[in-house]
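See structure below.
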Amino acid sequence: MINIFTRRSAMALAASAAIAVTAGAPVAAADWKPQKPVEMVIMAGQGGGADRLARLFQSIIQKENLSSMPILPVNKGGGSGAEALRYLKDNEGDAHKIMATLNSYYTTPLRTDIGVDITEYTPIARMALDTFVLWVNADSDIQTLDDWVAAVRASGGEWKMGGTGTGQEDSLLTAMLEEEFDLDITYVPFKGGGDVAKNLVGGHIDSTVNNPSEQMGFYNAGKSRPIVAFTPERIAAFPDTPTAGEEGHDIVYWMQRSFVGPKDMPAEAVAYYTAMFEALSETEEWKTYTEEKALMADFLTGDALQAYFLEERAKHADILQIMDEGSS
Amino acid sequence: MLTADRAIALAIIGLSLYFMSHAIALPIGWNGETGGPGGGAFPFWLSLIMALCAAGVLIRSFGTPDDGLPFFDPETIRSVAAVAIALTATIALTPILGAYVSIVLFLLWYLRVFGGHGWTLTLSLTAATPLFLFFFFEVTLKILLPKGWTEPLFLPLYATFF
Amino acid sequence: MDVLALLADGFATSLSPVNLMIVIIGVTAGLFIGAMPGLGSVNGVAIVLPLTFIVPPSSAIILLAAIYYGAMYGGAVSSVLLGIPGASTAVATTFDGRPMAQQGKAGLALIAAAVASFVGGTISVVLFTLFAAPLADLALAFGPAEEFALVLLAFTTFVGLGGDDILKTIVMICLGLVLSTVGLDLISGQPRLIFGDMPGFYSGISFLVLAIGVYGVGEVLHTIETSKSAPAVTPARLTFRELADGLRRMNRLWKTMSIGSFLGFFVGMLPAAGATPASLMAYGIAKTTSREPESFGKGNIEGVAAPETANNAASTGSLLPMLTLGIPGSPTTALLLGGMVMWGLVPGPMLFIEQPDFVWGLISSLYTANFAAVAINLALIPLFVWALRMPFTVLCAMVLVLCIVGGFAPSQKMHDVWLIAGFGIAGYLLRKADYPLAPLVLALVLGPLMEKSFRQTLIAEQGDMMAFVERPLSATFIAIAVLFFLLPLIKVWRARSGKAAISPAE
């Protein structure tokens, strides 16, 4: 089991003990409690962005004592999350399994028929929306979105865009860019966001649409340059990077970070986990993390979350259709 | 020995064909659009090489004289089969009765019936193993083993140790 | 000078009595976790992270380093004693470690493994100390084409690994490669070879499952058949004198160990490659350059020392891209990276400048942990050897239980346990029919790396095969690979033509 914590709190052991006492209170009010360790299924493999975030949640929950039983992360990343989706389907009504989702929650069942219907799952809570930024190597001459579009055109289809795999979020965003600017881009899949970032800095690919957290180290060292953010407003961590909207192209794309439960999860359990995540979303650790990593903390639960899932699924169905048309 | 050699070569050819039938679900040629081979190419062509080599083994076997030795040692094949069956049965029972019951049953059989050890050794090992597994895997490493029907019995243990 | 001053500060922390205690506990725990088939440094590091609640962060780093090293040493224990590699990095150790154990020389093999690990770990941590920053740039120069060339180089170790039967060796290599493609096709994002949509295959076939199957279950079945009622291995005894004698014999292996250390460090440093290709290449080089290559695979002590030096050197080397580039080369470094990110440390080129305390604390604790690991390991060898003297029927029962539980633990799927049983029975039959198993297991480890980097390069270069030989680094690796591949063939050819020259005279 993994526990990860912020440096500040680790240094102040006494302080964290005090927090644990106060934070435990609201959860204790619920009358249902998990009777055995809770499995937190992660739709991605070990070490990726989604995994790290899920393990951060787990460690905050443990440290602040938000759950009476330990939360045990289990990676089921096979088949772009198909493995996790099937696993949840096979554990109908289980009150001790929750799943950390990302956008493959909709795209995987849309792309291949794996026999799951995401409307059956029980929405618990959306913790955050992760942002996407277009990056180039700092040595490149590209400064603006227009420069980038011109450079891609000039390359005649040989422009290399790195990403984490066909059907993944960055490939969808690449397809959206191709559609918007009528470009022809070569998409090169890598094994994870860190690998993509490294290949950009090493000059093996020409641009990426990484999450900011994956490029942060290189950005701070002056090795990579953000060109444009795919958010409605500028990201606080990159005040000088314009949004695509400001440049006259309305491209907005998010990665959702939510939790769902299996079909027919008991209502008391849903209430318990919802309260747990609500308490989590108010912790200092989480607030600091979202600021540093340029995440949008946007808490959403219940029916509103389900409505959001359905809306996003429809949007992704459209993007996937554009992608299919583009490739055939 | 030759019969077994041929049977295994045939089985490998069959397996290769089975792999190939699944591999063709994805493009197996040089996929012009993306550059480089398609998703099914590696498994398909490698399975084909595997089938050809196994066919080579098969053909070669007709040219060699049989050494007359049996493939299985007649004295011990029963023991090997018994252990293989016991292992399979243990795995099959694990999700139903839980790892702690199936492993205890397996050890009882292996140590007492198969190994012919005395009750003192058998019972002490069958008692110590689940205890070790519980404290090492579940309590320390937080890896839950399958419980099956025995799940409710573990709830008080969870409450105590977690 | 600057480096030494910083390192001295690091040592001041890592050598305090409390921290020394932590190192000893961490190394011992890591050793036992690593010695368990199926569990490795990932599980070790995973259990340590929560403990960092009760100790200050500097001690936490030391504990992590101690567990990491302990588990790396422990992996060799399972390879030698049970013949089951606990991690892919320890496969090469079984080639000669297991035969040594069967000849009653388990103690000597374990000593060789421990000393070799120590030498590898020490040399590479020195290299790390001196050259961390400039080497990061070399890691960046590694793109998919170079990765492919490197894996190709590792593949040349297959020459000679297989039995005498070339057809059967090729069958096994192909089978391993095909099994490695099961799961998801990374490039198109489509599932493939999932055999009638079985969700258990979505995540592919893990190396551990195949290794525990063929080396664990398969080996037990094989021993039951061949041993009749005799014990599985010659009971090994180990006296203090033998231990001292073993240490002396290691003296002669300095050449093998220094090659293994440098090779391990440089290969381990490359983000995608890591310790497995490093240990295989070290084994291949030791065998090729040896005066008696035919004794390899039959219990040559050099065959234990070479891969063990390289894999420990590589596990230190793999910390380099993690710290300087933020790229984890293995699941273990991914966990460490996750921990660092949550501590508020941003791995990357700036880490050495912004967080010298952390970096040098970690490096100095690597030195300390390495010393502690070799001492504790040597002290425990008599205990491990004693475990081999258990009656055969008890040992086999315990191994099978460990196969079931150890196979379930990493992914927590019964599907994997079934695969282990299947691979075990199939491996037992294949082995009886003289199909070599090592190429099968290694092909499964290297296959995904090879296919991925091959296709990535071709996509990026619009299908141009020349990309592999146009780039200087990758061209060099390919040239060496071709040389390695041809070397044994040339030897065989010369031997044959020599024979042919003699035979007419007969």
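Backbone N, Cα and C atoms are what each Cβ position is placed from, and that goes for glycine too.
Under the heading domain 'DUF112', TrEMBL lists C:20-442.
Under the heading transmembrane segment, TrEMBL lists C:20-39 (among others).
TrEMBL lists C:46-69 (among others) with the feature transmembrane segment.
Residues or ranges marked as transmembrane segment in TrEMBL: C:75-95 (among others). For the transmembrane segment (C:75-95), the residues of the chain that approach it from at least six positions outside its boundaries are 31, 34-41, 101, 106, 109-110, 113-114, 117, 161, 207-208, 211-212, 215-216, 219, 274-276, 279-280, 282-283, 296-297, 303-304, 306-308, 311, 314-315, 384, 387-388, 399, 403, 438, 441-442, 445, judged by C-beta separation under 8 angstroms.
Per TrEMBL, transmembrane segment is recorded for C:107-132 (among others). Beyond its flanks by at least six residues, the transmembrane segment (C:107-132) meets 3, 7, 69, 72-73, 76-77, 79-81, 93, 96-97, 100-101, 236-238, 242-243, 246-247, 249-250, 253, 257-258, 260-262, 264-265, 268, 301, 304-306, 308-317, 319-320, 323-324, 352, 363, 366-367, 370-371, 373-374, 377-378, 381-382, 384-385 of its own chain at Cβ-Cβ distances under 8 Å.
The transmembrane segment feature in TrEMBL is assigned to C:138-162 (among others).
Residues or ranges marked as transmembrane segment in TrEMBL: C:169-188 (among others).
Under the heading transmembrane segment, TrEMBL lists C:200-218 (among others). Under 8 Å from some Cβ of the transmembrane segment (C:200-218) lie the Cβ atoms of residues 37-38, 82-85, 87-88, 91, 94, 176, 179-180, 182-184, 191, 193-194, 399-400, 402-403, 406-407, 410-411, 413, 415-416, 419-428, 431, 437, 440-441, 444-445, 448, all in the same chain and six or more residues away from its ends.
Under the heading transmembrane segment, TrEMBL lists C:259-286 (among others).
Residues annotated as transmembrane segment in TrEMBL: C:325-346 (among others).
According to TrEMBL, the transmembrane segment annotation covers C:358-386 (among others).
Residues of the same chain lying 6 or more positions beyond the ends of the transmembrane segment (C:392-410) and with a Cβ under 8 Å from any Cβ of it are 36-39, 42-43, 82, 84, 206, 208-209, 212-213, 216-217, 219-220, 223-224, 227, 230-232, 416-417, 419-420, 424. TrEMBL lists C:392-410 (among others) with the feature transmembrane segment.
Feature annotation from TrEMBL assigns transmembrane segment to C:473-490 (among others).
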Exercise. What mean pLDDT score does the domain 'DUF112' (C:20-442) have in the model?
Worked result: 82
Exercise. When you scan the chain for residues with a C-beta under 8 Å from the transmembrane segment (C:473-490), skipping those not six or more beyond its ends, what do you find?
Worked result: 141-142, 145-146, 148-150, 152-153, 155-157, 159-160, 284, 288
For this session: Go through C:20-39, C:169-188, C:259-286 and flag the stretch with the largest number of C-beta pairs under 8 Å relative to the transmembrane segment (C:358-386).
Result: C:20-39
